[in-house]
Amino acid sequence: MVRVQVPATTANLGPGFDCLGMALKFYNIIEMAQVSSGLSIEVHGEGVQDITRDESNTVYRAAMHLFKQVGFVPAGLRIRLLNNIPVARGLGSSASAIVGGLVAANVLSGNKVSPRELLTMASQLEGHPDNVAPALLGGVIISAIVEGEVRYVKIDPPPGLKVVVVIPDFQLSTRAAREVLPQHVSLGDAVFNLGRAALLVAALQQGRLDLLATAMEDRLHQPYRASLVPGMKKVLAAARLAGARGVCLSGAGPSIIALADSNTELIARVMKDTFRESGIPARALVLEPSSIGARALEIKSRIS
Ligand SMILES: Nc1ncnc2c1ncn2[C@@H]1O[C@H](COP(=O)(O)OP(=O)(O)OP(=O)(O)O)[C@@H](O)[C@H]1O
Ligand SMILES: N[C@@H](CCO)C(=O)O
């Protein structure tokens, strides 16, 4: 049996659409064992109502993808999912399922796939690398697809940085949140994001929290997604007023994150209250970045 711990992730960080993401100290656990026959999937915690328990399950599909690549045919599989990461809220739940399934399957089939290949596989399954890279490797990851492979650099966020995460009480699938995006953007908007994404990476590397307010601005996806997240603009503004260093939509939304080094409880309360004023109940978590990505623990025993 193998047990894999995978962190939640927040992608984009504002301007880094599909290429920036950060791992958070907030985890899902995926347990997988080879059994004599059949497939059984147990789901606990988040997603009990939503996550399928048959061959369409994302963890199972990722595992079978890897098994096929390495020519391993499991007799049967037992999968147990202990979920903390809320589903379809912009905190990388699908990335955690894909990375967890791949890492668990790799251990069960003799660790034939390198971390680099795992990253490329995960990115292909997810469609973009920004969540799966920090889910697998931890830290803040800057990634790009180059000739089908993921090239990346990992940086550690500044010490003491906290991530206030406010999670509205409704789901928004990544697919729906991508459908509202334009296929073409203006050169002006592209340049706006390029400058900010570059500033953001430098700011995180050099601990320049004073730059985050500007460096986390975006014109490529957030303006289009505002209509899908009632209160989004007001929550972003309220968090800034309450002392957040930088604010943005988390991944495809609907969660919103604020990066801060103080006043985190106040920022969380103000963001939640502002969502509530727009008719959206929300909960808040104050998290830290995780410098560690997916971790596997193999437990050698026979399961009947
Ligand atoms: N723990 C899990 N186990 C299996 N499948 C999961 C799990 N969590 C999420 N999924 C799958 O991922 C889907 C949600 O993925 P989606 O990309 O829409 O949201 P997200 O990954 O939470 O958000 P984002 O990509 O913006 O961070 C679910 O509908 C389900 O199919
Ligand atoms: N970069 C992705 C993250 C969500 O998977 C998006 O914003 O659609």
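For all residues, glycine too, the Cβ spot is worked out from N, Cα and C.
The model shown is predicted, which means the values in this text are computed figures rather than measured ones.
Annotated ATP binding site per TrEMBL: Pro86, Val87, Ala88, Arg89, Gly90, Leu91, Gly92, Ser93, Ser94, Ala95, Ser96, in sequence order. Spatially close to Ser96 (ATP binding site) yet at least six residues away along the chain are Val6, Pro7, Ala8, Thr9, Asn28, Ile30, Ile85, Ala135, judged by Cβ distances under 8 angstroms.
Among the features that TrEMBL reports, domain 'GHMP kinase N-terminal' is placed at 57-139. Helix, strand and coil residue tallies for the domain 'GHMP kinase N-terminal' (57-139), in that order: 47 helix, 8 strand, 28 coil [DSSP].
Annotation comment: TrEMBL describes 201-275 as domain 'GHMP kinase C-terminal'.
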Taking the Cβ of Ala88 (ATP binding site) as the centre, count every other Cβ atom within 10 Å, in any protein chain shown.
21
Structural state census, the domain 'GHMP kinase C-terminal' (201-275) (DSSP three-state):
42 helix, 9 strand, 24 coil
So if I measure Cβ to Cβ from Gly92 (ATP binding site) and keep only same-chain residues at least 6 apart in sequence, which ones fall under 8 Å?
Pro7, Ala8, Thr9, Thr10, Ala11, Gly21, Ile85, Asn131, Pro134, Ala135, Gly251
Given the binding-site residues Pro86, Gly90, Ser94, which one is most crowded in terms of C-beta atoms within 10 angstroms?
Gly90
Residues lining the ATP site besides Pro86, Val87, Ala88, Arg89, Gly90, Leu91, Gly92, Ser93, Ser94, Ala95, Ser96 (CB within 8 A of their CB center) are Ala8, Ile85, Gly251
